There are 2 protein chains.
Amino acid sequence: MENGDVPEDANEHCPGPQSESAGKSDACEGCPNQQICATAPKGPDPDLVAIAERMANVKHKILVLSGKGGVGKSTFSAQLAFALAAKDFQVGLLDIDICGPSIPKMLGLEGQEIHQSNLGWSPVYVESNLGVMSIGFMLPNPDDAVIWRGPRKNGLIKQFLKDVYWGELDFLIVDAPPGTSDEHISIVQCLDATTVDGAIIVTTPQQVSLIDVRKEVSFCKKVGVKVLGVVENMSGLSQPITDLKFMKLTDSGEQNDVTEWVMEIIREKSPELLSLIACSEVFDSSGGGAVKMCSEMGVPFLGKVPLDPLLCKAAEEGRSCFADTRCVSSAPALKKIIDKLMETNGLSMLVSNGV
Amino acid sequence: MENGDVPEDANEHCPGPQSESAGKSDACEGCPNQQICATAPKGPDPDLVAIAERMANVKHKILVLSGKGGVGKSTFSAQLAFALAAKDFQVGLLDIDICGPSIPKMLGLEGQEIHQSNLGWSPVYVESNLGVMSIGFMLPNPDDAVIWRGPRKNGLIKQFLKDVYWGELDFLIVDAPPGTSDEHISIVQCLDATTVDGAIIVTTPQQVSLIDVRKEVSFCKKVGVKVLGVVENMSGLSQPITDLKFMKLTDSGEQNDVTEWVMEIIREKSPELLSLIACSEVFDSSGGGAVKMCSEMGVPFLGKVPLDPLLCKAAEEGRSCFADTRCVSSAPALKKIIDKLMETNGLSMLVSNGV
């Protein structure tokens, strides 16, 4: 990335499209971009200047990344936004998952539209101090596939950073799609001239997920984004025993629902079991999970969040889990993680300063 | 897509880079690609011709897609490959998730390398009738991030299709990354001249996942790929009651492990419970799940697979769940789905014909 905008498949000794000798040096012979490079205007990208101006009003920028999809990254981003807004911060949540935006649903904002003013695009507001921007607000039909190759996705991300009028923000949380490709390179390049606090990486305890998270940590190191910490999500299922169903396998392999019968037995013979929480290790963490990976890669571990069906439900319904007293297993875990994040990164100062 | 290679952000009336008037028509004035289009060679892409030749030896091509990541797409692809290989078909599994390849791990092939012969790149073989190709076999360090923008990913996918020597195949299963972007457009364009049987779309019952799966169905319709069916994965957790852990919440909110105490009580008072399967609806499916979505969108529903920790473990260890007698809840469900897929698409004919 140190070469700036030099394409990865450029000729050897490519002087870079921003250089004065772009398209004119010996190395440019035969390059299909020679003509464009020779004639394109030089100097800093005016878009980056505009982005830097917009971002001057944003105190802290946090990226939320994951190597693999479906690990709960958007759920975490959404709950982090709710939590910070509940602390009276001015919060913006930017969804740069162009092909699969989940953020509108997770903030309870489906069907909302973006409005335009002479200051730029207005975010959609959950509350007066929590604004949200996503391509999901721009699709005429929510079922439409956004079949876009990289350059078009990058263009929209640039526009989100340049044209959205957030006003003054304490925090801008950027929810990225999984992986390490166009969207990630673009967001980092676009924010390069501003200060990014760092990235939170979300994973599950599975080996396949941890392999990808290592790639994500490598990515952050390569592009110079600090890893604020890793969150292990879906770290075992955890729910009231009374929420379980019980099945009996018949000889022919069919399953019969015997939940009522079981509950009767428990109520009769051992009612002390009714108040318990049943836990299950859904994803094998015998490899040591994210804790071990973090110590190996030298990045902070922020904590574990159990797979809590009630948290999933809150996310699906666009609600904060912190306002849901039934999320007994997930909400305290998430709260601890967010507190740790704030503390270890000097962000809790803000709270005591009343910012 | 009907315009072939016309970039989506092209000038109005762009004649297309393959046209004889490319770069020369009035519409090309001011387009940054004008020079390239005017001078680039015309005619069919020679790579597509080479791909069609390779694919002439492949009887059936099936794409495995998902809108959202982490829904178990790669697990399904891997188990489908195992199942078809167990039926004595000649099977190839191609992983085109460039930034997050999970397939090597899920086939138990981590650390393997690709070899080259004068026939092309040789896949890595699990068994003599099950070959696998993935960028995961090409990374010098498995932690390395593949920080590639679209064009480079597309180049590798082309090369996979053009240069891998599969030999004669009954089935080529292509495991795609989530979404509807570069990799998806590329694979469909590259295979356009050959016959693709269709796509299997994997989802979970969650609303956020179903939103994305609708986009995936739209994508298939737009690019003319038949939807062979939708699989609902992680459709409730299902596991032996004896595999659960039980926790007691203390007044201070801590959780104490009381599993041994609970098991003792059950053994003593109601041992009939020990053989039961505990089920939990992890992801809310009150919206009707994939069944409803399928009937609304007019695509076939193939079946549900429960979230089975033992299936997750088999996948993590690169094993077939069909060979694991403990996968009582997931293996029969997967088998039913694969049988249905074969039947409804005329593929079971092959079996009875002894192909």
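Even glycines carry a Cβ here, placed using N, Cα and C.
Per TrEMBL, the feature [4Fe-4S] cluster binding site maps to A:Cys14, A:Cys28, A:Cys31, A:Cys37. Taken from TrEMBL, the feature ATP binding site covers A:Gly67, A:Lys68, A:Gly69, A:Gly70, A:Val71, A:Gly72, A:Lys73, A:Ser74. The region 'Disordered' feature in TrEMBL is assigned to A:1-27.
Long-range Cβ neighbours of A:Ser74 (ATP binding site) (same chain, at least 6 residues apart, Cβ-Cβ under 8 Å): A:Asp95, A:Asp97, A:Ser102, A:Ile103, A:Met106, A:Asp175, A:Ala315.
Reduced to three states, the DSSP call for A:Cys37 ([4Fe-4S] cluster binding site) is helix. Taking only the Cα positions, the spacing between A:Lys68 (ATP binding site) and A:Cys28 ([4Fe-4S] cluster binding site) is 38 angstrom. The record gives A:Cys14, A:Cys28, A:Cys31, A:Cys37 for [4Fe-4S] cluster. Within 8 Å of the mean position of their Cβ atoms, the other Cβ atoms in that chain belong to A:Ala10, A:Asn11, A:Pro15, A:Pro17, A:Ala22, A:Gly23, A:Ser25, A:Ala27, A:Asn33, A:Gln34. On the backbone, the CA of A:Gly67 (ATP binding site) and the CA of A:Cys37 ([4Fe-4S] cluster binding site) stand 34 Å apart. Between the CA atoms of A:Cys28 ([4Fe-4S] cluster binding site) and A:Gly69 (ATP binding site) there is a gap of 39 Å, rounded to the nearest whole number. Chain B has no C-beta under 8 angstroms from the C-beta of any of the binding-site residues A:Cys14, A:Cys28, A:Cys31, A:Cys37, A:Lys73. According to DSSP, A:Cys28 ([4Fe-4S] cluster binding site) is assigned to a helical segment.
Between the alpha carbons (Cα) of A:Lys73 (ATP binding site) and A:Cys14 ([4Fe-4S] cluster binding site) lies a span of roughly 38 Å. In this structure the C-alpha atoms belonging to A:Cys31 ([4Fe-4S] cluster binding site) and A:Gly69 (ATP binding site) are separated by 36 Å. Cβ contacts within 10 Å of A:Cys37 ([4Fe-4S] cluster binding site), excluding its own Cβ and spanning all protein chains shown: 22.
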